[in-house]
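Marked as domain 'Guanylate kinase-like' by TrEMBL: 9-188. Among the features that TrEMBL reports, ATP binding site is placed at G16, P17, S18, G19, V20, G21, K22, G23.
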Amino acid sequence: MEDTIMAKGLLIVLSGPSGVGKGTVLKEFIHDKDLKLAYSVSMTTRKQRPGEVDGINYHFVTKEEFEQAKKNGELLEAAEFVGNYYGTPISEVERLRNEGKNVILEIEVQGCTQVREKVKDALTIFIVPPSMAELEKRIRGRNTEPEEIVQERLAKAAREMELIGMYKYVVCNDDAKLAADIIRVIIKRHMKSNI
Ligand code: 5GP
């Protein structure tokens with residue numbers, strides 16, 4: 001096998017409205033060795049939450065640092081989300097893909113639109129809630145945010161749902177384990193055709 005030329009890894013984008021449970025689904029399959037996944041650590045200007053580790057969950061940066069990185073063309077995509085900036089550093093994504101790893105981004109929909117424009121063969125997966133009523137329940141359940149922010153997130157989610165047709169795959173997160181199993185099958189299928 002020494003002479004085998006290693007194929008560049010896939011670029012997988014997991015997206016969907018806020019509150020749909022992208023992170024929960026991702027946790028279910030990220031450590032599956034067969035999938036050879038590497039998580040792309042985003043850059044963000046939002047405050048570090050308790051339990052989050054700089055460089056593992058996010059690269060926490062100042063607004064100035066973020067703007068500089070964007071200006072220098074260091075980001076594959078960048079978006080504003082509820083008052084904070086988020087972006088994907090290109091260099092890490094490329095390094096990992098060149099090592100044959102399948103790089104996975106967990107990002108919101110504006111960012112996914114930008115990735116799709118730059119990386120035509122990106123494997124885009126949209127996670128949907130079983131219903132909008134269930135999404136509302138999840139958003140209300142995990143946040144202690146004021147009503148107007150909840151309403152803002154719900155309105156944003158409804159607009160984001162309209163972009164469903166832009167994605168290669170749509171997976172319903174009714175049950176996170178089941179959604180993760182479906183995504184495993186999708187990734188494995190694409191790994192085969194990537195050889
Ligand atoms: P949170 O602040 O809850 O960690 O993330 C808020 C939203 O930003 C989530 O929908 C998450 O998927 C998204 N997000 C995280 N990193 C990035 C990124 O690098 N780019 C974009 N466009 N969205 C991101």
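Numbers here mean position along the shown chain, with the first residue as 1.
Placed from the backbone N, Cα and C atoms, the Cβ positions cover glycine too.
Nobody curates TrEMBL annotations by hand; they come from automatic prediction.
Counting every protein chain shown, 18 other Cβ atoms lie within 10 Å of the Cβ of S18 (ATP binding site). Looking only at the domain 'Guanylate kinase-like' (9-188), the predicted model's pLDDT averages out at 95.
What surrounds the ATP site, by Cβ distance within 8 Å of the Cβ centroid and not counting G16, P17, S18, G19, V20, G21, K22, G23, is the set I127, P129, R138, N173 from the same chain. With a cut-off of 8 Å between CB atoms and residues at least 6 apart in sequence, the same chain places V109, V128, P129, L135, K156, A157, E160, M161 near P17 (ATP binding site), listed in sequence order. Listed binding-site residues: P17, S18, V20, G21, G23. Those with a CB atom under 6 Å from ligand 1: S18. Among the listed binding-site residues, namely G16, G21, K22, the Cβ with the most fellow Cβ atoms inside 10 Å is that of G16. Annotation for the binding-site residues G19, G23: lowest Cβ count within 10 Å of the residue's own Cβ, G23.
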